[in-house]
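What TrEMBL records for this protein:
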- 12-30: transmembrane segment (TRANSMEM)
- 37-58: transmembrane segment (TRANSMEM)
- 78-98: transmembrane segment (TRANSMEM)
- 105-128: transmembrane segment (TRANSMEM)
- 140-159: transmembrane segment (TRANSMEM)
Amino acid sequence: MFLYLPKHFDQNEWFIIIVLVVSIFLVRLPKRMPAEVSYLIVLLSLAIPNIIDHSIAAISPYDVYRINDSERYEVFDILLSGVYVPFGYLCVYFYEWLRPKRMKMVLYILIWSLIAICFEFVIVRLHIFTYHGWKLVYSFPTYLLVISLFLSYYEFLLFHHKKKVEFKLQHKNT
């Protein structure tokens, strides 16, 4: 498969570049989670949107929106994947910092779903996504589900990381 350059370098390419540059500064945030967990969160932040965008929403028979300017796969289609990383990382980062419980957890997921809707709104306005039958409101329940599963996965990773650390400590002392 050959990757094409965009025919027109416009606002959607600039947005992708700006978000990727801002993403680099996430490395400067104080560490709140183990490095190996951070790497897995970044990978999941790359994988989920790609799975949804490329295998469910943007191909036949569904084809409910187009990604970027062209029907062809462009370099910026790959770079677009990196735009989702700061969202996923910051969602987990603030979750770890705030540690919401019960109703605050529900509120946390609602707030991040609204942030995702706002982010998608900007992406649509910049013509990174062009809807054909999809409506922004359809994304809200998807974000509720995905963010809930994402945070559950994070808890799963933390649980197993702590078990691994405890195991190493027990065997180090013997």
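Note that Cβ sites are derived from N, Cα and C of the backbone, with glycine treated the same way.
The stretch from 37-58, 78-98, 105-128, 140-159 that makes the most Cβ contacts under 8 Å with the transmembrane segment (12-30) is 78-98. Note on the transmembrane segment (105-128): residues 11-12, 15-16, 67-69, 80, 87, 91, 95, 98, 136, 139-140, 143-144, 147-148, 151 of its chain, located 6 or more positions outside it, place their CB under 8 angstroms from a CB of the stretch.
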